[in-house]
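Only one structure is covered here, and it is reproduced in the block below.
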Amino acid sequence: MSDSEHESEEEMVVEDENDETGESSGIANKKEPRQVYLPGHQMQEDESLVFDPSAYHMLHDIDSGLPCLSFDVIIDDMGCGRSDFPHSMYLVAGSQAEKPKDNCVFVMKLSNLNAIKNEESSSSDDSDVESDSSDDESKDQPVLQISSIPHLGTVNRIRNTTVDDKVFAAVWSERGIVNIYDLNSKLKEVEKAHRNRKIGSEEKKKKFGKAAPKRIMSEHKPLYSYSGHRDEGFALDWSSKSPGFLASGDCKGNIHTWKPSESGWVVNLHSLGGHKESVEDLQWSPNEVNVLASCSVDRSLRIWDTRLAPNKANMLTISDAHDNDINVINWNKKEPLIVSGGDDGKLMIWDLRQFKKGKELAIFKHHTSAITTVEWSPDDSSVFASGGDDDQIAIWDLAVERDTTNDQDDIKEIPPQLLFIHQGQEHIKELHWHPQITGVLISTAQTGFNVFRTISI
C-alpha cells in the first residue's frame, strides 16, 4: 500500500515468543521492516499494533478529569490558517460523571501543543525524559487550563456561537432542559487557571499519571433555560447565517427553533412535525438562512424551511436513508453535500441537488459498528472525518480515485477514498476539525481527548 493512497496510524509488530532471553521482542528490535496494518486484517496471537509517530505531525492525549460526550471549538482571535507550532486553542465541553451532581461544563484552554519529534531527536531525548519524568515544566508538554461550571446531570450535547463578540454555549441536559450560558467571564477566568502539564503525551507509552487536573470551579447561572421539550435530546445546532438562532431536537421526535430577543431567546412552542422517533442530529444550512436538516432513529433525513408553519415546514424527505438509526449528519460548507452516519456503520453522501430522487451520491462501509460522529473539513470540501463505536477515526477524501494499475489483493477491498485510520481511544463520541488551525482534529471519547494532525492532510 503506497503512502500516497492510504495512511494508517497503526503499524503491525510481530512479537517473537521464542526469543532466547525468554522475553518477547518486536520486529523493531531486530531492525526488520514493520508491516503497515490494513483494515480487516485478522491479527495473529503473536502480533500487536504499535503507534507510528512518523504518521503524524502532532498527537496529544488530553485528560480533562471526566469523560465528555460532547464538545465544541471556540473561535479565537489568533487568526485563521494557522500552521506554525506550538498551537493553542479554546474548547467548551460537557461531562458524563457517575453522579449527576459531579458534572460540569468545562471551558478549556490548550496551549504548547507541539509537533511530534522525529525518531532521531526522540531517541536522544529519552534518557533526559526518564531521568527527570517528574519535571512539570517540561517545555514539550502541553498545558491545560480549565474553568468549570457546575451542571446537574450529564451534558448530552454542547454547541457554542459568537454573537456581537460574545460567546454563548447551548447545553442539552439529560434532565430534558436546554440551557444557554454566557462564556465570556469563564474565558477570562481560564487564563488565570492552574497550568496543568501532566495531562498526556504524544508518546502513549510514556504518558504521565492521570491525576485529575486542577481547575477553577464557580457558580454560573444560565442566561436562559427551556424545559418545554417532551424528553431529553441530543440534536442541537446554532445557525451560522443568522447569529443567535438555534434549533434543538428531542428523543420524542420534536424540533424547536429559537430566535434571539431583547430579553434572551424566544422558542417556537410549536415543534416541526415529521419525525416519528428520536431526532438525533440537526444542522442549519451554511448558505441558506432558514433551511435546516435533521436525521432520526426513524431512518429518515429531512430538510425544513423554518419560515413556514411547523406542520408545513418539511420540504424534502428521504424516508429510508439508512438501514438503521441515523445518528449524525454534517453539512458541507462549500458544496451542496450532506454526509450521514448511522447504526448500520455506513457513511452516506447526499447531493442536495438530487435529494428529491432519494439516491445517495456515495456509500462507504468501513466502520464495523455504529457511527457516532462525522464532520467535513473546513479547509478541503472533499475531505471529511468519521468516528464510531469501533474505536476508529477515519479520514476520507472524495477526490481520490482507485489506482487501476495497482491490483494488490490486500488493498482491493479498501475504499480508495480512505486516507487514514486513527486509533487509541475507546468509545469515541464526537470529533471536530479546528476551523482556524489547518488539518487539526480534536476528538473526545470515554478515555479522554485526542488532538492531532496526520501527514495525510
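Placement of Cβ uses the backbone N, Cα and C atoms for every residue, glycine included.
Automatic prediction, not curation, is the source of TrEMBL annotations.
Residues annotated as compositional bias 'Acidic residues' in TrEMBL: 1-22 (among others).
TrEMBL lists 1-34 (among others) with the feature region 'Disordered'.
Under the heading domain 'Histone-binding protein RBBP4-like N-terminal', TrEMBL lists 46-114.
Positions annotated as region 'Disordered' by TrEMBL: 117-146 (among others).
Look at TrEMBL and you will find 122-138 (among others) tagged as compositional bias 'Acidic residues'.
A mean pLDDT of 97 is what the model gives for the repeat 'WD' (272-307). Residues or ranges marked as repeat 'WD' by TrEMBL: 272-307 (among others).
The repeat 'WD' annotation in TrEMBL covers 319-353 (among others). For the repeat 'WD' (319-353), the residues of the chain that approach it from at least six positions outside its boundaries are 280-281, 283-286, 293-297, 299-301, 303, 360-376, 378, 381, 384, 386, 388, 390, 396, 398, judged by C-beta separation under 8 angstroms.
The repeat 'WD' annotation in TrEMBL covers 364-406 (among others). Proximity of distant same-chain residues to the repeat 'WD' (364-406), defined by a Cβ-Cβ separation under 8 Å and at least 6 residues beyond the stretch ends, is recorded for 2, 5, 39, 325, 327-335, 337, 339-347, 349, 414-423, 425-433, 435, 438-439, 441, 443, 445, 454, 456-457.
Within the chain carrying the repeat 'WD' (272-307), a Cβ under 8 angstroms from the stretch's Cβ atoms is held by residues 233-242, 245, 247-257, 313-333, 338, 340, 342, 350, 352, 355, all 6 or more beyond its ends. In the repeat 'WD' (319-353), the DSSP tally of helix, strand and coil residues is 2 helix, 18 strand, 15 coil.
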